[in-house]
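Since the structure comes first, as structure tokens, the remarks are kept for the end.
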Amino acid sequence: MTGTSTPKTYRVKSFGCQMNVYDGERMAELLAAKGISPAADGEDADLVVLNTCHIREKAAEKVYSDIGRLKKADGSKPLIAVAGCVAQAEGEEIMARAPAVSMVVGPQAYHRLPELLDKAVQGERATDTDMPANAKFDVLPQRRRSGPSAFLTVQEGCDKFCTYCVVPYTRGAEISRPYKDLIAEAEKLVENGAREITLLGQNVNAWSGDDAKGQNIGLDGLIRQLDRLPDLQRIRYTTSHPMDMSEGLIAAHGDVEKLMPYLHLPVQSGSDRVLKAMNRSHTAESYLRLLDRFRAVRPDIALSGDFIVGFPGETDAEFEETLRLVDAVRYAAAFSFKYSPRPGTPAAEMDRMIAAEVMDERLQRLQAAVNRDQLAFNQASVGRTCDVLVERKGKLPGQWLGKSPWLQSVHFIGDAAIGDLVTVELAEAGPNSLSGRLLQAAAA
Ligand code: SAH
Ligand code: SF4
Ligand code: F3S
């Protein structure tokens, strides 16, 4: 490959989970620090970063087709970097199969993107999929700007090894970022406009660290410290694992006002046999009892979960147990997926794969049950008065979109601005959003 000129504009396209969104923002900050500007909407970028996800099948195929499609208006190819979890899992294959790619960088190595870019400009192709724990956070530039709702990665990696999942391989072992770095990053985000911070981790509730007094604290301790930032109004966290749930975190939902009444707690299946085969280390019953404890301290808490249908060997009766669990919980939201065999995971080697049409049917039934509960949750909110954090303009004149404390999308018409926390009465409910009546604009 011959050299090229230094790119003037970049675009980062992130797929997958919220942590990838966070990583995408950090990569954008790195590129901006190098003097490269974001490409305007609809305009070509000289450098495209595909920040990929490996969680389910076809992700890698999608990356190759995206690479094939990337072209500038004059027909030339931009510089292409593949980042994220596909880069980690299949970096070498990407380099071999896609000559248009000049940089491959894993989720723990993306702080080295600027060096890879220097090489790429010289015409050299380079891969960096090292996994030095926490190293990237020490060298990333300060946070630049922020929308009203910001992500903050506090924990990364996973030691749980659910038998279907690639994350322990693509993100590495569980690590917690140091307390003082997190407080500093949160302060910067708030200074730059964030009113809500969502703490991120593959197992966010496994976070632990030493506070300013040298005392070991868990996620609840971190949340209690963030609660003291005056201009921060809302705190959320995701994703939790049932096994890492602490007494303290449950209690925080009862007494930390800024901690929003929402809990995303994946369960995957309602069948104990399937849960065991998944290596989930909880049962359906222990999961339900855990949710009871959250409801006891915060009766209005909105619950959300993840499900996999068609795990190898899942029988009709076992799937019915999942439906029964959904009936018992009455989720405010839930995400369900068809099982997808991932190379290198134990489940991919298991017998009794479930036929595609059986999976389709199960997914439809599960989604119908979840949609029913989501609509019911939204309908039960009608008449409530709550705060809405305004995130963007709506399509209609004078219309604004934001989130309720229960993470529902709410639209309303009135006098507001992005970043305002306004008081709204929830007036009408649909399956995916509610309309509200503005009662009180934000205090100036
Ligand atoms: N760390 C989080 C999120 C993991 S990925 C957690 O433990 O919950 C998000 C979701 O993707 C998982 O909760 C699971 O429902 C789904 N998922 C993961 N691997 C999958 C696979 N091989 N096939 C289908 N769905 C999968
Ligand atoms: Fe994957 Fe399980 Fe870890 Fe979640 S807890 S990231 S599903 S291995
Ligand atoms: Fe996907 Fe990696 Fe997140 S596989 S879900 S981008 S941790």
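We number each residue from 1, going along the chain as drawn.
Here the Cβ of each residue, glycine as well, is placed from N, Cα and C on the backbone.
What TrEMBL annotates here:
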BINDING   CYS17, CYS53, CYS85  [4Fe-4S] cluster 1 binding site
BINDING   CYS158, CYS162, CYS165  [4Fe-4S] cluster 2 binding site
DOMAIN    8-122  domain 'MTTase N-terminal'
DOMAIN    144-376  domain 'Radical SAM core'
DOMAIN    379-440  domain 'TRAM'
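Checking the binding-site residues CYS17, CYS53, CYS85, CYS158 against ligand 3, the ones with a C-beta less than 6 Å from an atom of that molecule are CYS17, CYS53, CYS85. Across the binding-site residues listed here (CYS53, CYS85), the residue whose Cβ sits among the most other Cβ atoms within 10 Å is CYS85. In the predicted model, residues of the domain 'Radical SAM core' (144-376) average a pLDDT of 97. Ligand 1 lies under 6 Å from the Cβ of none of the binding-site residues CYS53, CYS85, CYS162. When secondary structure is read from DSSP and collapsed to three states, CYS17 ([4Fe-4S] cluster 1 binding site) falls in the coil class. Sequence-distant contacts of CYS162 ([4Fe-4S] cluster 2 binding site), defined by Cβ-Cβ distance under 8 angstroms and a gap of at least six in the same chain, are GLN268, MET278, ASN279, ARG280.
Contact annotation for binding-site residues (CYS17, CYS162, CYS165) versus ligand 2: CYS162, CYS165, each with CB under 6 Å from a ligand atom.
Using DSSP to sort the residues of the domain 'MTTase N-terminal' (8-122) gives these counts of helix, strand and coil: 53 helix, 24 strand, 38 coil. Using the Cβ center of CYS158, CYS162, CYS165 for [4Fe-4S] cluster 2, the list of other same-chain residues with Cβ within 8 Å runs, in sequence order, LYS160, PHE161, TYR164, VAL166, VAL167, PRO168, GLN202. The Cβ of CYS158 ([4Fe-4S] cluster 2 binding site) has 23 neighbouring Cβ atoms from other residues within 10 Å, across all protein chains displayed. Taking a C-beta cut-off of under 8 angstroms and a sequence separation of 6 or more, CYS165 ([4Fe-4S] cluster 2 binding site) has the following same-chain neighbours: ILE55, CYS158, ARG342, THR345. Non-local neighbourhood of CYS17 ([4Fe-4S] cluster 1 binding site): CYS53, ILE55, THR239, each in the same chain, at least six residues away, with C-beta under 8 Å from its C-beta. DSSP assigns CYS162 ([4Fe-4S] cluster 2 binding site) to coil in the three-state reduction, outside any helix or strand.
Neighbours of the [4Fe-4S] cluster 1 site: apart from CYS17, CYS53, CYS85, residues of the same chain with C-beta atoms within 8 angstroms of the site's C-beta centroid are PHE15, GLY16, MET19, ASN20, THR52, HIS54, ILE55, ALA59, GLY84, VAL167, THR170.
Counting residues of the domain 'TRAM' (379-440) by DSSP class, helix then strand then coil, yields 3 helix, 36 strand, 23 coil.
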